[in-house]
Amino acid sequence: MLTIENLHKTYHTHTVLHQVTLELPLGQVLAVLGRSGCGKTTLLKTVAGLLVPDAGSINWAGASMEAAPPRNREMVYLSQEPLLFPHLSVFENIAYGLRVRKEAEVQAKVERMLQELELQEHAQKKPAQLSGGQRQRVAFGRAIIFLPRVLLLDEPFASLDAQTRASMQQLFLRLARKYSITALFVTHDVKEALLIGDRFAYMAAGKLRIYTSGEAFMEDPTTGVRDELAFWNSINHKITNLP
Amino acid sequence: MGRKILTAILATAILLPFLFFGMLSVGQAWFYPSVLPQRFTLANWQELLAGQSELQVSLLLSVILGLGVAILSTVAGFVISREIARAKYKNRWLLLAYWPFVLSPVVLAILVQRFFLLTGMSGEVIGVLLGQLILAFPFAVIFFQSFWSHEVLQLEQQSQTLGATAVYTLQKVLLPLARPLLLICFFQTFLISWFEYGLTQFIGVGKVKTLPILVFKYVNEANSSHAALASLLIMLPPALLLWTNKKFIFRGI
């Protein structure tokens with residue numbers, strides 16, 4: 001289980017993370033909804049070990065991650081941009097984490113992952129030859145192939161068009177269930193949060209609010225779920241009243 | 001047609017000095033109004049190729065200094081520019097890197113000469129090497145700033161979260177990405193050292209005789225054939241560089 005307690009981070013005088021506390025059991029996806037600049041990226045990067053918190057603790061299965069460098073945390077950060085290694089082929093990008101760990105059967109594992117991602121015919125292509133959605137799929141495959149402890153997803157589908165985004169969300173759900181992925185999934189899209197999350201949280205001005213249930217998340221007016229539902233209801237009403 | 005003429009003009013402009021200095025290095029008794037020298041001899045070239053001639057020593061010294069400056073400044077420039085790119089006050093550090101160029105090499109040479117005298121490095125090869133690094137190292141630091149973009153720094157972080165050590169990231173990600181820039185920087189800093197005169201003269205106090213020092217010496221002695229031969233040797237590395245990159249250089253014409 002990932003346990004974060006009273007995580008605090010400031011830049012100059014601006015507080016970016018304010019006593020953030022959460023618990024994330026194995027195989028669960030916590031969807032964190034929040035607007036731009038609310039501290040979501042800082043939270044994920046701090047958990048990944050890429051930023052140092054001013055105070056608070058991050059524990060995995062009871063063990064402190066404080067002294068662990070990013071490479072030893074097994075917590076992969078995935079940003080909005082796929083950040084593929086441009087000089088490596090799709091195959092080598094996906095194999096990267098396995099090669100780092102000197103794992104056996106790299107060929108077979110990568111081929112299986114390519115099949116899962118429906119990218120078999122693109123294995124030898126360079127990232128520049130792929131579409132945005134394909135690149136994001138490669139990044140996703142590269143992150144989960146060695147089964148990390150936690151996936152830290154920072155609005156991973158935000159730069160994709162609606163159709164590709166929907167197919168990526170389905171792919172994520174399928175693979176998250178298959179591999180029992182534990183993930184912190186940050187998004188500013190209400191629908192995406194509802195679709196992806198097993199648990200829900202809302203972040204504003206560095207403060208994280210965890211909800212006890214999906215209903216509680218939907219009922220809270222600050223999350224904007226009710227506004228979203230009202231909008232779609234009004235559209236539905238308009239359509240049904242058309243002559 | 002126009003492209004061919006332009007290529008011919010450019011090739012002539014590059015080759016003509018070689019032809020002229022080549023002729024001067026083998027010619028003897030070349031007086032006005034003769035179009036060609038009255039006698040030809042390979043004595044200067046034989047002197048270069050055989051025995052411990054001044055030119056041979058100078059050529060070797062220039063190559064060693066050039067390689068030393070190129071390797072040290074490229075490696076140090078790559079590493080330090082990364083630290084500057086990640087630093088909180090990036091621009092302050094970069095300002096320091098511009099300092100030697102703002103002062104001009106001659107003024108810089110006068111300023112640092114006392115330090116080299118006090119440390120006993122004046123007139124020594126190590127002193128000249130350090131002196132040339134004062135110019136080549138900041139050049140490399142500024143040069144690599146374009147490489148350490150936000151994207152590259154993010155790729156480095158990505159590699160770390162995927163479990164890679166700093167060394168693995170360097171080998172598998174950073175060096176392959178930086179390879180073209182590393183090569184260019186290596187050649188450029190080699191050429192900075194290869195052509196350097198002011199700092200070398202000041203710090204070397206005439207004892208460290210690199211090829212540019214020797215050219216000026218021969219010119220002052222009115223030894224035109226030796227000066228021509230030394231000039232040919234100086235022009236060789238950039239000519240090789242041009243030759244290896246001819247595809248790119250002549251393509252845009």
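Here the Cβ of each residue, glycine as well, is placed from N, Cα and C on the backbone.
Just so you know, TrEMBL annotations never went through curation; they're auto-generated.
Positions annotated as transmembrane segment by TrEMBL: B:55-81 (among others).
Here TrEMBL flags B:55-245 as domain 'ABC transmembrane type-1'.
The annotation transmembrane segment is assigned in TrEMBL to B:93-113 (among others).
Look at TrEMBL and you will find B:125-144 (among others) tagged as transmembrane segment.
With a threshold of 8 Å between CB atoms, the same-chain residues lying at least 6 positions outside the transmembrane segment (B:181-204) that come near it are 62, 65-71, 73-74, 77-78, 105-106, 108-110, 112-113, 116, 121-123, 127-128, 130-132, 134-136, 139-140, 143-144, 146-147, 175, 210-213, 216, 234, 237-238, 241. The annotation transmembrane segment is assigned in TrEMBL to B:181-204 (among others).
What TrEMBL records for B:224-243 (among others) is transmembrane segment. A Cβ distance under 8 Å defines the sequence-distant neighbours of the transmembrane segment (B:224-243), meaning residues of its chain 6+ beyond its ends; these are 14, 17-18, 20-28, 44-45, 48, 55, 58-59, 62, 66, 187, 190-191, 194-195, 211-212, 214-215, 218, 249.
Residues 47-49, 125, 128-129, 132-133, 136-137, 139-145, 147-148, 178, 182, 185-187, 189-194, 208-211, 213-214, 226, 229-230, 233, 237 of the same chain, all 6+ positions outside the transmembrane segment (B:55-81), place their C-beta atoms under 8 angstroms from a C-beta of that stretch.
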